[in-house]
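Listed in Swiss-Prot for this protein:
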TRANSMEM  32-52  transmembrane segment
TRANSMEM  55-75  transmembrane segment
TRANSMEM  90-110  transmembrane segment
TRANSMEM  112-132  transmembrane segment
TRANSMEM  141-161  transmembrane segment
TRANSMEM  174-194  transmembrane segment
TRANSMEM  210-230  transmembrane segment
Amino acid sequence: MLQNIDNRTVDTGQDDPFDGFCSLESERHYDVVPTVVCSLCCLFGLVYTFFGYRCFKAIMFLSGLLAGSAVIFLLCYKERIMDTQLSLELSAGIALGIGLLCGLVTMLVHSVGLFMTGLLLGLLLAIASLVGLEQFYHPPSAWIPVGLMMGSAMLFAVLTLQWQKLFTVVSTATFGAAILTVCTDYFIELMLLVQYVYDRLRLETSHPLCWYSWVILGMWPVLSVLGIVVQWKLTAEGFSHTDVIISRRQKRLQLLRIRQKDAKKRQNVASQEGTYRRKANPMKRYTGDILAPSYLQSLRERQTGTGTSMSSLSTNMQTIVDMDYECGSTVPLTATTPVIHV
């Protein structure tokens, strides 16, 4: 009897309960904490999408924070550490602390930040490819999504290091649009789209998406293209993160050069003060003051011939005779000769 009742209830032709869930009129209950978090994420998504490259350092910090926190949270909460299952609050605290360290590294070391930005872009594009592939082909092995995600992430990370501005703009716009899409999915259908994407990564079967889920998913490429155009034409035009680095280096070099010049000037002044000596006044010569050595020699012979000594001659002379062995001697022509009595 009960079996017949069960068969009758099954054969009544009722619709699948999931079909009723796709109706927008179904009641949904929102928690306070996820609602506040999604509201804040909407603000971050807008900044990422339209001002990503302009706020370069902030974006590098947030990229490292989100990536590090997500990876550590999944490892701590999903896996057993030292034979103990960590609680949700403890896992979130550990993930936040390590995420802050990762954010500081990506902000201070630009190459690491750019590499992380390229990784995020590659992962997002790989996830989008898996969602599109599921509509035509279900991957039989888990290595297919893993290989696709790893290859795409490494490819776009290298491309971001090569063409930094272009792929930074593309990555920030795409990631910001993904954040806005996830927040919209929470407010409309309580993360059904996110659960569907997560099932694609685990290769598990899930219910097909509702019609408005595809509308929400279509917001992602539209917002991405809009963000790329706005950044390239408005917010990121005329701005380059490399100019900021070069200008700071130039300022440091200019300060070093100024200090080196000041030090050289001080050394030169000190050396000049130590070696400065007053020069002697040059000897004044007049026309006709130079006498031939032969004339002086004959004058001496005349003086010695009369018996006058050199000492008496020096006392009677009114002018001192200067001897110069290189250019001759110089004496004034007005010098008076001693009187010799015969």
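Easy rule for this one: first residue shown is 1, then count along the chain.
Heads up, the Cβ atoms here are built off N, Cα and C, so glycines get one too.
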Listed stretch, out of 32-52, 55-75, 90-110, 112-132, 174-194, that has the most CB pairs under 8 angstroms to the transmembrane segment (210-230): 174-194
Range from 90-110, 112-132, 141-161, 174-194 with most C-beta pairs under 8 A to the transmembrane segment (32-52): 174-194
Beyond the flanks of the transmembrane segment (112-132) by at least 6 residues, Cβ under 8 Å: 59-60, 63-64, 67, 105-106, 139, 145, 148-149, 151-161, 164, 167-168, 170-172, 174-175, 178, 196-197, 200-201, 217, 220
